[in-house]
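Okay, so here's the structure we're looking at.
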Amino acid sequence: MHLSAVFNALLVSVLAAVLWKHVRLREHAATLEEELALSRQATEPAPALRIDYPKALQILMEGGTHMVCTGRTHTDRICRFKWLCYSNEAEEFIFFHGNTSVMLPNLGSRRFQPALLDLSTVEDHNTQYFNFVELPAAALRFMPKPVFVPDVALIANRFNPDNLMHVFHDDLLPLFYTLRQFPGLAHEARLFFMEGWGEGAHFDLYKLLSPKQPLLRAQLKTLGRLLCFSHAFVGLSKITTWYQYGFVQPQGPKANILVSGNEIRQFARFMTEKLNVSHTGVPLGEEYILVFSRTQNRLILNEAELLLALAQEFQMKTVTVSLEDHTFADVVRLVSNASMLVSMHGAQLVTTLFLPRGATVVELFPYAVNPDHYTPYKTLAMLPGMDLQYVAWRNMMPENTVTHPERPWDQGGITHLDRAEQARILQSREVPRHLCCRNPEWLFRIYQDTKVDIPSLIQTIRRVVKGRPGPRKQKWTVGLYPGKVREARCQASVHGASEARLTVSWQIPWNLKYLKVREVKYEVWLQEQGENTYVPYILALQNHTFTENIKPFTTYLVWVRCIFNKILLGPFADVLVCNT
């Protein structure tokens, strides 16, 4: 009886092993889906995509990885992969070469000069590069069994997920528009963050961008030793960024800003809807000034006095808000209905993007910190189409500042420096321009506490805000440009051996009849063929006869374009070749 039981148990074990051998491939896919399900929020729907494991493995082993990228250099490149893999043991991505592999661009060793692409939107930062290791697909036979990710993946780095300015400027805005750059990606993609940070203080904001829970690099190790993405996009669009942080040259606005307030406000509208924040605005007579209160450093020492003075000057109530004491949804709700936002310089001012049109931003700077040298929020507020007023106030009184030399270096302490350097910093009246990120004089000054000089602040605000601050309904402010003028032609007449006239005429751009434009002018460039210079004219009518310096029997080149409201310059029509 005992031997029979043992024999039966062994037989069951053998049969189980045989069955396992036949089903193990499908269970690899099931395992991944179970792991991903654990990472989802309770409200997240089940995945629409499932992996046929044997088929996926066959495609990878025979065909290999496929890559096609957009962008000419590593700083503006986004790549689309099929069957890109990631080794959790080596912590590197793998491109498997198979029979149908494609690698565009095929850079050879230039792929390492310095990288294929930037994983974050901070341009050309040597901690943010993406690359992969190459292997023949046949190497898969000697590697751990791959686990296939069923979701479309967007793979990127967050730059600094604990700082709200970096979260919005470097991550959320670029993620939002990268997801919309490719059809369907916003509704299908799962975000994979590979920089190695933990969730950070604002992880809930990243969750708003996709219906699927984002995954961190550390979580990938629980899914398998070798992960393979059936479909992945790698990199982020930098087109929405407006500021550079001073890694190569002192910080300031980007040289070529490509985003306007229109795109910022569409993103802000999306975020407020996801946060369930109302757009109704405040009733007439209940407008308020919102003051950001900091609780740990860079304090406003006379905050109560400031609140009272603002209320008296502008005849509206004042409200305080802080990131520490309010949910982010409450912060957005208060900012999006405020008439004026007042704050010390700091990451919380990125919430300026939620202010209503016509509102005012007042940024306060501690002693010795020049507002002209630190302008991420000014640049944001002044983007075309944001329609905000911006005010910068600087404490000019050393007696109104409280310093903290005894703190750790990263909170502005300077006691670790030699005495001569400490003395120099204490006597300095302005922090000189500097690179990011550990300049001790900058850290010492930016972490000061400030007693705001109320009269000088009110005077500074009043230079910009003449009446009662507050949101206002505005007409479309983003400039619409004219098209080309149409049917441009020229006619010449000669009077004697030395006198000639050249008449140029054209029709209005066809889109003008659909627009309400305050002022329409035309710019005409006149150039004698063979000369290097031209003569420009600004004209109000659609035709003009030129007589000055017009020579008989001469060829002239003529360009004409339309201008709206003095600043919106349309394209030149095709060049006219006119013979007198």
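Indices start at 1 and increase along the chain as displayed.
Glycine too: its Cβ is placed from the backbone N, Cα and C atoms.
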Pick from ASN99, ASN337: which does Swiss-Prot describe as N-linked glycosylation site?
ASN99
Report which of ASN276, ASN543 appears in Swiss-Prot with the annotation N-linked glycosylation site.
ASN276
Run through the Cβ atoms and count how many others sit within 10 Å of the one on ASN276 (N-linked glycosylation site).
9
Can you tell me how far the Cα of ASN276 (N-linked glycosylation site) sits from the Cα of ASN99 (N-linked glycosylation site), in Å?
50
Just counting, how many other CB atoms are there within 10 A of the CB of ASN99 (N-linked glycosylation site)?
9
For the topological domain 'Lumenal' (26-580), report the average pLDDT of the model, please.
94
Per DSSP, what is the helix/strand/coil residue tally across the domain 'Fibronectin type-III' (488-580)?
5 helix, 51 strand, 37 coil
